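Record features (TrEMBL):
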- 43-152: domain 'HIT' (DOMAIN)
- 69, 141: substrate binding site (BINDING)
- 137-141: motif 'Histidine triad motif' (MOTIF)
- 139: active site, tele-AMP-histidine intermediate (ACT_SITE)
Ligand SMILES: [Zn+2]
């Protein structure tokens, strides 16, 4: 692959919009290369149909899964999504709510362990006016924070370089994720 052959962002589950001030350059990449051209394809519905490596998925539960954001605000930025294509939190079932909560807790523990995260921003943007990039499919952001992190955010122009780094992060997080037997039964992992 030559250096200019960046992977299409449409192939990843990603949310480009929140924290726009920190990550505006990637929004341009995102809009230019992917999602807008494939509006019919929901990235959060398609991601679980592919391999964990391909889709940057770090863990699969029964009702929800955890995936790296292609456009991280910080290294280790995860998204917790129900498999079901629902737009807002009030439409999630009790089972989905519980598992999203459990997966979020596990994500915090794993990121603290793997990346020495010192703090987190956790939350959901609801609706376009609420800042959701993929407003049609519910997703919870889990953004690890590190001391002084806002000072060294690089502006990485090449998507290829970003996805390479994300692959490394995915491997580390997936490896540290507790297995079904050691985690809550709510996070048992069926086969892909
Ligand atoms: Zn969807």
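Cβ atoms here come from the backbone N, Cα and C positions, even for glycine.
Predicted automatically and left uncurated, TrEMBL annotations should be read as such.
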Remote residues contacting the motif 'Histidine triad motif' (137-141) - C-beta distance under 8 A, at least 6 residues beyond either end: 13, 15, 18, 42-45, 69, 77-82, 85-89, 91-92, 100, 104, 121-125
Across the domain 'HIT' (43-152), average pLDDT on the 0 to 100 scale: 91
Around the Cβ of residue 69 (substrate binding site), the count of other Cβ atoms that are within 10 Å: 25
Secondary-structure category, per DSSP, in which residue 69 (substrate binding site) falls: coil
Fewest Cβ neighbours within 10 Å, where candidates are the recorded positions 139, 141: 141
Length of the line joining the Cα atoms of residue 139 (active site, tele-AMP-histidine intermediate) and residue 69 (substrate binding site), in Å: 11
